[in-house]
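Below is one structure, written out as structure tokens; comments come after it.
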Amino acid sequence: MFLVTPDQSILSLVYKFGYEQLFVRHMFSFKDDRRALEQHGFLLSNFLLLRFPVSLLVNCTGQHNAIEVILKFGPHHHKKEISCITPSVLPPKLLTSLAIIPHKSTKPTSFSVSSVRIEEKPAANQDPKTPTTTTSTPTRTVSQPQPKPQPRTQSSYLPKKRAEPTIPTIILNACDDIINNFIDPPLKYHVDPRHVLSDNFAPVDELPPTECEVVQGSLPSCLDGAYIRNGPNPQYLPRGPYHLFDGDGMLHSIKISRGRATLCSRYVRTYKYTIENEAGSPILPNVFSGFNGLTASAARGALSAARLLAGQFNPVNGIGLANTSLAFFGNRLYALGESDLPYAIRLTPNGDIETIGRHDFDGKLAMSMTAHPKLDSDTGETFAFRYGPVPPFLTYFRLDANGKKQPNVPIFSMTRPSFLHDFAITKKYAVFADIQIGMNPMEMIFGGGSPVGADPAKVCRIGIIPRYATDESQMRWFEVPGFNIIHAINAWDEEDGNAVVMVAPNILSVEHTLDRTDLVHALVEKVRIDLRTGIVTRRPISARNLDFGVINPAYMAKKSRYVYAAVGDPMPKISGVVKLDVSKGDERRDCIVATRIYGPGCYGGEPFFVARDPENPETEEDDGYVVSYIHDENTGESKFLVMDAKSPRLDIVAAVKLPRRVPYGFHGLFVRQADLDKLL
């Protein structure tokens, strides 16, 4: 505990393990970063205002690298100055959760405040001229063990000096605060940042390439490359409603070579990230949480128009987050988000992540594309689509083996805008799901909800089109009531070519998909579409709540036997991974053949399968490893796990202790070193 108000203090800052509502973005690495100071000051002020009847003013002084907070309790004014606190004086396993608790006091006392300043570098290396701890009254000193400094390589990203905010910027930011505080409807559970950013969903700062420690087993020699996972990580702590899907994309890469691992975390340098980073504050509204209710939507729309006229952003450059997934095709590696063009990235030899830029495929991709393109490893082709709120609501296209985009195929038979997050391909067809989730303006206008919602009266459909179609004339739709999928695992053609089989998790409680993921239960189903009779047959292959299913990538669009899926406990937290044998589904039995549960308080993410010998055609489908990041909420430690995909318990082959926590996220990809060397 660090006491900033000694004696009979009213408040104290408590740094501890726990499950507090708000987290501070690695406040121990402020250095000269004024933005980080401002964020911490803002968070502290909001936390106080939420819990105590105080008037408060925050003044961030970048020159003194401190936050000055003026508290007003009735007629009394009290000041405190909080400077940077370093991990060298904290337990190495400490999470950065911040709680502010009241102290019991029998009588009013003068408010005496200590000023704490400890540099980021270890105490042994401090400049003797630098003040360390100053208090107005004696305080007890508690010695803390100093963690061993982590070896780091030189970062390719250097901090940029931000320009002082202009008068229009100050005015528009004030308008944004008015919307957040007075116009927005009361925060619902799924857009309350105190809930959404709790535990290991809290954002972290960037991390330059940092060496990791293998604490169990050894890394297999075939893991020569990088596992990269994407996910939301808001650059600024939200000042209003925030949905999990609204965070800026951050890539967490663990580069493996000769049994050693290096972790690096970098933001995708999207246009949105860049302009907001330079401005020092948010500019663009959150899509999934910023338009709740007609009044708030109109106000944010007007504010965005004013920012556009003020020259704060240009929508032509894209407003996407690139926070969903990654894909490697055409000798390029992309960070993807379905609201924008893909962003090309690359890894440096030392494991750093660099954003090359927004990619439009020689001007042939004018709008967004799915975050789940499908790569046929046999042909090298990539198949993709985009969806939107205006016709055509669905547009299908493909890219050849060299990454050159082919002409669009607009699908006008998709008569309503649907939430088309994923799809599947076979060797002959592309398969789409028209589900009950889509644009729902009535809910926004009359219910104060999101413009994206569920329509329980809608009949779900599966659409099948030849994968080399040049128009939609051969598109066929099949009604499949109650079949709502967000992710598709795989699909293939039956041998006679008269039926298509798809494997995907079906969401049973679709009305909660975007707002109460903890109430969502998804059953993996095996679906057969008879192309001659139009009969659709569905069969659940497991009763467990599963999502984020993956296969051996070499079996994409081909009949596959094994699926590796994440166990919701409940979603969005993932307590383990299971292996399913899809072939057992015909026997009307649960298809789970292997399970790995991470343990109490331990949660992970999407698994990814890495083949042991992908060049050997005789290799069995499940001969390889399942990898994933996991986080122990009891200790605050994150690890990278490598599991044996063939073993009945998915035995841990190697565990790598990461130098700092990796937040929960979305989709990942393993890229072999041979492919990293080909990156354009």
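Keep in mind that glycine also has a Cβ here, set from the backbone N, Cα and C atoms.
No curator has checked TrEMBL annotations; they are predicted automatically.
Features as listed in TrEMBL:
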REGION    107-162  region 'Disordered'
COMPBIAS  128-145  compositional bias 'Low complexity'
BINDING   His372, His421, His487, His667  Fe cation binding site
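Shown here: features listed in TrEMBL, placed on the structure.
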residue	record	DSSP (3 states)
His372	Fe cation binding site	coil
His421	Fe cation binding site	coil
His487	Fe cation binding site	coil
His667	Fe cation binding site	coil
Cβ atoms near His487 (Fe cation binding site) (within 10 Å, other residues, all chains): 20
Shell of the Fe cation site beyond His372, His421, His487, His667, same chain only (C-beta within 8 angstroms of their C-beta centre): Thr324, Ser325, Thr370, Ala371, Asp422, Ile486, Ala488
Candidate with the highest Cβ count within 10 Å, taken from the binding-site residues His372, His421: His372
